[in-house]
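Working notes for the structure below.
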Amino acid sequence: MKNLLGCSVKDLENVALNYGQAAFRGRQIYSWLYNYKNRSKSIDEINVLPLNFRNQLKKEGFIFGELILKEKYLANDGTLKLLLNTRDNESVECVGIPTEKRLTACLSSQVGCPMDCKFCATGKEGLKRSLKASEILDQILFIENEMNQKVTNIVFMGMGEPLLNIDELLFSIRSINEDFDVSQRRITVSTVAIPNMIRKLSEMSFQVLGKCQFTLAISLHASNQKTRETIIPSAKNYHIKYIIDDCREFVKKTGRRVSFEYLMLHGVNDKLEHADELSNLIKGFQCHVNLIQYNQIEEVEFKQTPSKNAQLFQNRLSNNGINVSLRKSRGSDRNAACGQLRQNAKIK
């Protein structure tokens, strides 16, 4: 199979030329593939193309995406979780999060995850494989088609560790920006932090994309190394001090602030002394803290921080001069919230 999803307009012009067609036929394919209001789901539906050209493309194995919708779950707040099957019969999940003026797509970069964070459902069954860029982009098509709305924002916060699939990640970002017409500034890449990869991400972004304007979000979740190691096993390989050093360098290179994701776990990392410790750790450079209320999952005994305590924690950070917000959880009643995505439909 030759997936056209992810092809640039120039790529598709070349496809047309290779089959004896005029270049504008490639531009027609491009429009029918990426234009939300004029999108087709298969080559057969592009009726502006000559029939013989459509038949040639199908005979040569060209397709418009390769994921298959298996299940969908609509939460009370309008959040939609989709369970998609790959051609090798693996499963991946993505989430559409609507608000009044935008639609955020939460995308997966891998089938499963190797990081085994103790508070997250995704890593419970380990990593199966990384996704191809076309499989990442296909998630956007499904969200737009199912929600009948154009995606305006992208967060790589679904299944998997994006920086362990960096080539396909950056190819996806290029297409999201240029083909799906979503500004890099509306794209967020979330990582638990992999040694040497934060620096590599900024370097490769300039090489592949020509710029680095997306938001880097670090899944920090602790104010010190000891606590972080207890909830994120991979933290043993990358000291929290060096993560912050690399983030400072990222800001210098890109001019973009770094976001720190901080999942509040009652009795683990949510005391005011942790807020002070976190403030001292990250002060002095352009950053923002996203406090996240824990979403309960099976097999895990962590408890959600009471709202009153979370507000006190937020106030302490703010009083310490840290830009901070308390993120409202979406879709938790359908296991579509942060930390609840997994490879199968066992939990519904």
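Yeah, the Cβs are placed from backbone N, Cα and C, and that goes for glycine too.
The active site, proton acceptor annotation in Swiss-Prot covers E93, and the record cites sequence analysis as its basis. Sequence annotations record features per position, and here Swiss-Prot assigns domain 'Radical SAM core' to 99-333 based on sequence analysis. The disulfide bond annotation in Swiss-Prot covers C106-C338. Positions annotated as [4Fe-4S] cluster binding site by Swiss-Prot: C113, C117, C120. Look at Swiss-Prot and you will find G160, E161, S190, S219, L220, H221, N295 tagged as S-adenosyl-L-methionine binding site. The annotation active site, S-methylcysteine intermediate is assigned in Swiss-Prot to C338 on the grounds of sequence analysis.
The shortest Cα-Cα distance between S190 (S-adenosyl-L-methionine binding site) and any of the recorded positions E93, C106, C113, C117, C120 is the one to C106.
A simple way to gauge crowding: the CB of S219 (S-adenosyl-L-methionine binding site) has 25 other CB atoms within 10 angstroms, across all the protein chains here.
Over all protein chains present, the Cβ of N295 (S-adenosyl-L-methionine binding site) has 22 other Cβ atoms lying within 10 Å. For G160 (S-adenosyl-L-methionine binding site), the recorded positions whose C-alpha atoms fall inside a 10 Å radius of its own C-alpha are C113, out of C106, C113, C117, C120. Residues G160, E161, S190, S219, L220, H221, N295, recorded as contacting S-adenosyl-L-methionine, have a largest CA-CA distance of 19 Å.
Proximity to C106 (disulfide bond), judged by a C-alpha distance within 10 Å, picks out E93 from the recorded positions E93, C113, E161, L220. All protein chains shown were included, and the count of other CB atoms within 10 Å of the CB of E161 (S-adenosyl-L-methionine binding site) stands at 27. The CA atom of C120 ([4Fe-4S] cluster binding site) is located 12 Å away from the CA atom of E161 (S-adenosyl-L-methionine binding site). With S219 (S-adenosyl-L-methionine binding site) as the anchor, the candidate recorded positions are E93, C113, C117, and the one with the nearest CA is C117. Cβ environment of L220 (S-adenosyl-L-methionine binding site): A193, R228, I240, I243, F260, E261, Y262 lie under 8 Å away, each six or more residues apart in the same chain. Here the candidates are the binding-site residues C117, E161, H221, N295. The one whose C-alpha lies nearest to that of E93 (active site, proton acceptor) is E161. DSSP assigns L220 (S-adenosyl-L-methionine binding site) to coil, not to a helix or a strand. Counting every protein chain shown, the number of other Cβ atoms lying within 10 Å of the Cβ of C120 ([4Fe-4S] cluster binding site) is 25. Neighbour counts were taken at the CB atom with a 10 A radius for the recorded positions E93, S190; the maximum falls on E93. Spacing of E161 (S-adenosyl-L-methionine binding site) relative to C113 ([4Fe-4S] cluster binding site) is 6 Å (Cα to Cα, whole number).
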